[in-house]
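A.B. asks: Dumping what TrEMBL says about this protein:
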- ASP471, ASP480: Mg(2+) binding site (BINDING)
- 12-23: compositional bias 'Basic and acidic residues' (COMPBIAS)
- 24-35: compositional bias 'Basic residues' (COMPBIAS)
- 59-71: compositional bias 'Basic and acidic residues' (COMPBIAS)
- 459-808: domain 'RNB' (DOMAIN)
- 1-76: region 'Disordered' (REGION)
- ASP479: site 'Important for catalytic activity' (SITE)
Amino acid sequence: MKSVSAEQPAKSGERIENGDKDTKKKKRRGGRRSKNTSVGCVVEDIQVESSDGGTSGSKSKDCTKQQRSDLDNSSELTRASNVAFNSMPYSSGSPLVPSVEVSKQLLSKSCPDPRDCEQSCRMDGDLYQQVECVSQRKIFSSHWSLDAVNEALEKGEVYKALFRSNAHNRNEAYCKIDGVPTDILINGNVGQNRAVEGDIVAIKLDPLSLWPKMKGFVTENVAKPEETNSPPEKDEPVSHFVRGEIDAQQNKCLVIGQGAENCVTRNSISLLDPCSSSEQKGNGTVVERLCAILGSFPNKRPTGQVVAVIEKSLVRDSIVGLLDVKRWIHFKESNARTSKAPSSLSDDDYIQLMPADPRFTKLIVPFHALPGSIRARLESMDPTLEAELVAAQIVDWSEGSQFPLAQITHMFGRGSELEPQINAILYQNSVCDSEFSHDSLASLPHAPWEVPEEEVRRRKDLRDLCVFTIDPSTASDLDDALSVQCLPGGFLRVGVHIADVSFFVLPDTALDAEAQFRSTSVYMLRRKIPMLPPSLSDNVGSLNPGLDRLAFSIFLDLNREGDVTDRWIGRTVIRSCCKLSYDHAQDIIDGKHDVAANGWPALHGPFEWGDVIRSIKQLSEVSTNLRQRRFRSGALQLENSKPSFLFDEHGVPYDFTLYPTKASNQLVEEFMLLANMTAAEVISRAYPDSALLRKHPEPNLRKLKEFESFCSKHGMELDGSSSGRFHESLEKITETLKDDAVFVDILNNYAMKPMQSASYFCTGDMKDNVAEWGHYALAVPLYTHFTSPLRRYPDIVVHRAVAAALEAEECFLKQKQISSVDEVRGCFTGVRFDKNAVESIEGKEALSLAGFKHGVPSTERVSEIAAYCNERKLASRRVKDACDKLYTWCVLKRKKVFPCEARVMNLGPMFMTIYISKLGIERRIYYDRIEGLCADWLEATSTLILDKLEFKRGGRGYLKPLKEVAYLVSPSDICVAKCSAMSVTDTTERKEEVVPAVFPLTVQVFSTIPVALHAVGGDDGPLDIGARLYMTSYYR
């Protein structure tokens, strides 16, 4: 496992020739251990490819005597075996990790089962020894050229897909093909062929006969335990990558295209008559045929291999992690003791970087590529360097290297501190938090700013209307306001007023370019990274109370049933009378308001609090009707618990709670949804080729079926045939379980799993698939984002399209000499849409001229904006989730141990998945191969019995200590533990007392068990929230 000199391959070849004799000797010796052999298998006739055309036994002039003298006989044989056996098939007993190429040098490692050598490998310094001049066959197959990929895509031989790694098992990756309901499994490093998380790849499917059984596949409406929580079945067909057969020339594939029947195995042809028959050839697309195959074999998981990386993910440039300094120092010290000479550093040395994200493999950083400060600390053997959080960029990953080559690009500070972690999160997600450029600020007006008189004359003046905002108490960017007026006949006119940001952010300006680059504001509880300069987002563009502000207003006339009978859209000038928080609005709805009390906002203009209170109550009643109507029409609402944190004077979180959704939140939500749907309708009709909309696809069918089966197994009836029936059946189940709030949370958690993400798209790209424009959760055919232009760039694009439609409408009416007596109606933007007017020559000309003036982008440009904004929105979400996890970690680190109750969601012989309602998170507890713990899994009743062993377990392999799965307290120490464990802050409930469980512990699905949470990592590894069983025992 250490370095191999030039003469070592010759010795290894000699050892292989005598392999049969060695094997016979081992049989005779029985249990005796060989002093010289570290690999217990021999392969005959192994040829090692040489990069220089020579044989594996050739000597090299570059290998020095000093290197050879550092090797003892035992390590020589081991290292020779590593080289010789590099081309061997995979063995489940001792999987081989092929060589690593760094700076044109090869590193070799042969490691037994990770379970059996986990502890010994932790301090294994052999990885750091250079293996020079050793010729080996390449580990990965060469990536196809772009021309070859394009040709294969046309023929249906490969598919373009998004590569995603499994965070729980990096050897598993899944590729998403657009239009295909089932992800393709890419198993093993060789099959993944150097692709990383987020890459766009070309994949080739394996033959159908090699597709394994789908994990968790359900038959006869019975939910089967998760396959990954069980030992593999012996009769399952396994991909050649699962077995570990490495063949860079592997050509077998499942081709769904011209001549497909020639590349499909005979077994699969007999099963795929509809797709292989001559009558079916040429009918439908390649994707449709693949979907047909998957529909015919729903219990099969399609597998494949990556043949090319079409587009490299941006995350390759910002991988955050910790340098493995401890192992590096251990290796250097061991090497110095062996050589009896001072250990000096050279540019040929390297160090490993362990990514914080488990989806990424370890990286190799050459010593010469390290920043000077890190080199100096390594030379002084500074162990504190391991606590420094760094970022690296992948610079190369050759075919002969097991791990990618990287260079350090950034240092953040200690991993156990809050600020370095936040900066690393931002860096990892490419969030720009720098100051705005001078050019972008130059176009903004200086404060104090007033609306120009000429602009007032061009707009509808609403400054005498009672308008107010409802936002979080800490919000500074107020981009939406509401108003309500009573009309004759019991009608109400609801006004939704949105900040007119497009007035300030003009197309093709420096400010527009910067806003598009940032795409979205990023919120981190105590910090905001704005999309727009604060002078705009918090001042002149924000609908601050008592100030004249520019707005886009949508007036909706509603009858008692909630129908929109008429509407008007236009640019306005408003003046908000007050800034209400959600708590203020909720107090008004509940009738508990006291406007004279401290904390209530100031009131501006000729209005009284009675006007505001009356408006809030009217809007609340209307929003309730709209909400009920929306759900009756098929909308779906899934609510997850949201964490809320308490911070000390230094900005460090010290406690947490869950933020409840209030009626005031729902009040604002309903009218924002209505405004967004209205804007989507207007722009999709006016600009059908370049409208920026937002779609939400239907749930993943397989996962939805699994959820239905899960409910059925536990006596709950769920109908997932439509979003409306899904919501209705969930409501009935929730009503049945109203006394078990935790189980309702679990149910919502399960219901979220089949859901897919919503995304922006350009209508021109989907003109032939109008049915896919819809929003599944909202159950509406058209939807977009219009109501948050201060913090979302797509809203600005939509504003420009709406402004263009309004101007085109006005020009068209003037050209036709039509006097619009009723200004609420509009042939382009009103409820009585005139399609003939829009499609007329005059209408098209007016829309084209207005679109050019207001900067309505082309189809291609809107597509680019949509794709980029989708990526940035996901990044913003990842930042929020990572910060929530970081704050939770900080609280747990402060508490040391946090006992609480958890509900078991999934159970098997190896691990259980638990749901912690206090935090709204899931965690796994692994209990297989634990010293002093017996885990009995009763398959018939899906019951787990955990008990302590009074004797030491025998057998081979590394066993984890009991403390890794259970936090044990003595009964006499329980009182002390109660005092030291602070419970979650909750003013509405009494603090709960968590009682530890005792052995033996019997667990079933949905059992409530006590667990102890704790902070993991920081200075010595990635941050995580650990969960252990909270147990009491006199015997520790």
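Yeah, the Cβs are placed from backbone N, Cα and C, and that goes for glycine too.
Note that TrEMBL annotation is computational and uncurated.
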A.B. asks: Residues with Cβ closer than 8 Å to the Cβ of ASP471 (Mg(2+) binding site), same chain and 6+ apart in sequence?
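C.D. replies: Residues satisfying the criterion: LEU478, LYS579, LEU580, SER581, TYR582.
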A.B. asks: Applying a 10 Å Cβ distance cut-off over all chains shown, what neighbour count does ASP479 (site 'Important for catalytic activity') have?
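C.D. replies: Counting Cβ neighbours of ASP479 (site 'Important for catalytic activity') within 10 Å gives 24.
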A.B. asks: In this predicted model, what is the average pLDDT of the domain 'RNB' (459-808)?
C.D. replies: 93
A.B. asks: Around the C-beta of ASP480 (Mg(2+) binding site), how many further C-beta atoms are within 10 angstroms, looking at every protein chain?
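C.D. replies: Other Cβ atoms within 10 Å of ASP480 (Mg(2+) binding site): 22.
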A.B. asks: Indicate whether ASP479 (site 'Important for catalytic activity') is helix, strand or coil by DSSP.
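C.D. replies: ASP479 (site 'Important for catalytic activity') sits in coil per DSSP, no helix or strand.
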A.B. asks: Where does ASP471 (Mg(2+) binding site) sit in DSSP terms: helix, strand, or coil?
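C.D. replies: Note: ASP471 (Mg(2+) binding site) is in a strand by DSSP.
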